[in-house]
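According to Swiss-Prot, the protein has these features:
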BINDING   Arg144, Tyr153, Lys207, Arg215, Lys287, Arg318, Arg414  RNA binding site
REGION    351-396  region 'Interaction with the phosphoprotein'
Amino acid sequence: MSVSVKRISTGTQVVAALPASEDPVEFPAEYFAKNPGKIPVFISTRLDLDKLRQYVYMGLTTGEVNVCHINSYLYRVLQNIEDEARDNWVSFRVTIAAKDTTVRLFDMLEVKEYAGLVPDGKENANLTQTVDEWLPMYILGLQRVGRATDERYRGDLYDHLCAQCKLKSPSFESLGNPADNNYASWINDSNFLKLVAAIDMFFHHFKKHEEAVIRFGTITSRFKDCAALSTMAHLVKVTGMPVEEVMTWVLNKPVEDEVCRMMTPGQEIDKADSYMPYLIDFGLSTKSPYSSVKNPCFHFWGQLTAVLVNSARARNARVPDDIPYQELTQAALLFAYATGRSSDLAQRFVLHNKEYIKAAPDASDNSEREESKEAPTTRDVVEWLAWWDDIGQVRTRDMEVFARRAVHGILDPREKSIGAYARGYFA
């Protein structure tokens, strides 16, 4: 919808427009509306498991493994893992399993034959089935290691992976060097990513399954590119407020718009066994509506609020580019200050019927508080906005002291992080 402004000198209307520089987001429900049914994945089933085991093992050893061999091997060796559905497992009207029936690992997918060329690989006739005890976990762990950008962290992940594989099977042997990072050619393959998502989805549903330890390598698939949703969940934790109350503290138009888009109904955000958390790896969306990239104002406001209420985790969140920092900073400080000055302390249990009854508020006390412009002691956003207007929407000295105290412990923060921004702004 175009908007016009009036040119004063001539009285003519001028259309105000900006270039459409961003691709629109894609919601998971939209995918299933266009593509009802299980998610297709293309796997070659022409090679037997013995050959695939050799091709994958030798390919990882030489750094020349073929993604078709990886996909076929994972499917072959894991396809018979199963459990019993305690309830109907349905997502976006797709029935994955009926109650009290056996569900297999890849039942959320529709497996189709891969029609492309599948090359031969290097053989090793000495390999036995004992390799299958650890090789799938090793492969899936390598894709997690390969996504790590920090060299030290990548090395630590690889060490943890090897330790997990060794626990799973004493016959484990490392087949490569994490520094080589030869996994980029296959960790971005769409069929491989669908297998990764399916494996994590199954074992997230059946957390107590004896093979669930394999999630070490797949867990990053869940809620990939959903950092803004994680920010919302983190805000709920650090403020102690329910999500609906947190939303009443949204005071900026850009944040409002982003929250409304994230809360688009029918997307199964709060359904734990849904396809939704895997919207990227399942190919349901190429532009996540829940990423920090698409919700930069909400992400910044939420993480800055968390920093100001002393969340160590929020300090390392990255500062987005080109957002209204000043406006968002004011809103975050007011929210954090209200959280810090109030509490939800109340007697929850009684002994011998000794219950504290709070006295009714005195009208004279309220009028005195209004005259002195004392800050509220509740978390009611209406009371706080009234107070904010009363003081002329200018930070008080106590608010500044509160902020300085919150950032005092931030030492050597990461460059371009929320922690670095907060320390530079408030210290």
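Glycine is no exception: its Cβ is also placed from the backbone N, Cα and C atoms.
Taking the features listed in Swiss-Prot, we show where each one sits on the structure.
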{"residue": "Arg144", "record": "RNA binding site", "DSSP class": "helix"}
{"residue": "Tyr153", "record": "RNA binding site", "DSSP class": "helix"}
{"residue": "Lys207", "record": "RNA binding site", "DSSP class": "coil"}
{"residue": "Arg215", "record": "RNA binding site", "DSSP class": "helix"}
{"residue": "Lys287", "record": "RNA binding site", "DSSP class": "coil"}
{"residue": "Arg318", "record": "RNA binding site", "DSSP class": "strand"}
{"residue": "Arg414", "record": "RNA binding site", "DSSP class": "coil"}
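Regional average pLDDT for the region 'Interaction with the phosphoprotein' (351-396) in the model is 80.
The Cβ neighbour count for Arg144 (RNA binding site), using a 10 Å radius over every protein chain in view, is 22. Of all the binding-site residues given, namely Lys207, Lys287, Arg318, Arg414, the one with the smallest number of surrounding CB atoms inside 10 A is Lys207. Residue annotation for RNA gives Arg144, Tyr153, Lys207, Arg215, Lys287, Arg318, Arg414. The furthest Cα pair among them is separated by 35 Å. Within the set of binding-site residues (Tyr153, Arg215), the lowest number of other Cβ atoms found within 10 Å of a Cβ is recorded at Tyr153.
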